[in-house]
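Shown next, in structure tokens, is the structure this report addresses.
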Amino acid sequence: AHSGIMSCEPFFIRTQCSVCSPWHCSDACLTLFCRQFPGCGNIVTFSQFLFIAVEGFIFETNFGRKKPAIPIRYYFTMVAMFFTVSVVNNYALNLNIAMPLHMIFRSGSLIASMALGIIILKKRYSVSKYTSIALVSVGIFTCTFMSAKQVASDSSLNEEDGLQVFLWWLLGIAALTFALLMSARMGIFQETLYKRFGKHSKEALFYNHALPLPGFLLLAPNIYHHAVLFSQSESFQVPVIGLTLPIMWFYLLMNVITQYVCIRGVFILTTECTSLTVTLVVTLRKFVSLIFSILYFHNPFTAWHWLGTAFVFVGTLMYTEVWNSLGPFLARWRKRPKEE
């Protein structure tokens, strides 16, 4: 049987727009954080999780009175998977894995998701689906690799360490491979849960962000330190409202709100479409962010970048089967003048 993705195509296109647009605003805010306060990722992540958890506790669980439709043990499993992927991906950077290679490796998520879907869910896709995923993956890899070459000269391995450095690098590659497959497995786990218990995107959004909150206690000193630094930033008057507050807190508020819109769109998408489609949306979001950063920071946009962009564009059109939708539309459009 085919994957049956046609039913969610209009939803896929709408969500792609709603997810990507605010995410670039979120990325811009994050860039401002990192420029002024490197290492502030913990307070940003904590704020995002806290906001989503509080909103969900009030509006989704009705202050804890509503029981979850999906047994909470499954959410613990999902959170454990997510935590493992995050930790392993971050730790891989300590194993002689350069950030460009890190980015390139993660662009293989589409292939990993399709492969596990075939192995675990016994799915079969049409030739056009295989081709589209290959085109998108090659396009993203090309753009990422060419961007990586531009910064590769900034980081080089110490050749004196020889075999030891190479072995640590191999361990890093193994860690990235594990994280890639675990991330794809998590997507399939979510898909099977929703098929079994029904669509509960808001509930999943709440529990996936509320359950990990105690873990931030381990990062409390770092979070408090950056909260103090944020409070010491220059004052900023919010337009329209007229409220004055430290500008870094304003940036954080904007980041949290836009991130909430994005992540909610992704969780809704997980209930409407297959894990492969969700992976495609998130991967395209990363690709557009990469192109945005190239243009924003005035990095060279070479012919290879254009080629990669063309691959991604054509692959996405093939995946959504836009051609099939355009055919009847063009046929009707051509008939109109004759009828008149």
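Quick reminder: no glycine exception, Cβ is built from N, Cα and C everywhere.
According to TrEMBL, the feature transmembrane segment maps to 74-92 (among others). For the transmembrane segment (74-92), the residues of the chain that approach it from at least six positions outside its boundaries are 68, 102, 106, 172, 175-176, 178-179, 182-183, 185-186, 189-190, 193, 204, 207-208, 211-212, 215, judged by C-beta separation under 8 angstroms.
What TrEMBL records for 104-121 (among others) is transmembrane segment.
Among the features that TrEMBL reports, transmembrane segment is placed at 133-153 (among others).
Residues or ranges marked as transmembrane segment by TrEMBL: 165-184 (among others).
Here TrEMBL flags 205-224 (among others) as transmembrane segment. Below 8 angstroms of C-beta separation, residues 39, 42-43, 46, 48-50, 52-53, 55-57, 60-61, 68, 72, 75-76, 78-79, 82-83, 263-264, 267 of the same chain, each at least six residues beyond the ends of the transmembrane segment (205-224), sit close to that stretch.
The annotation transmembrane segment is assigned in TrEMBL to 236-254 (among others).
Sequence annotations record features per position, and here TrEMBL assigns transmembrane segment to 266-297 (among others).
Feature annotation from TrEMBL assigns transmembrane segment to 303-326 (among others).
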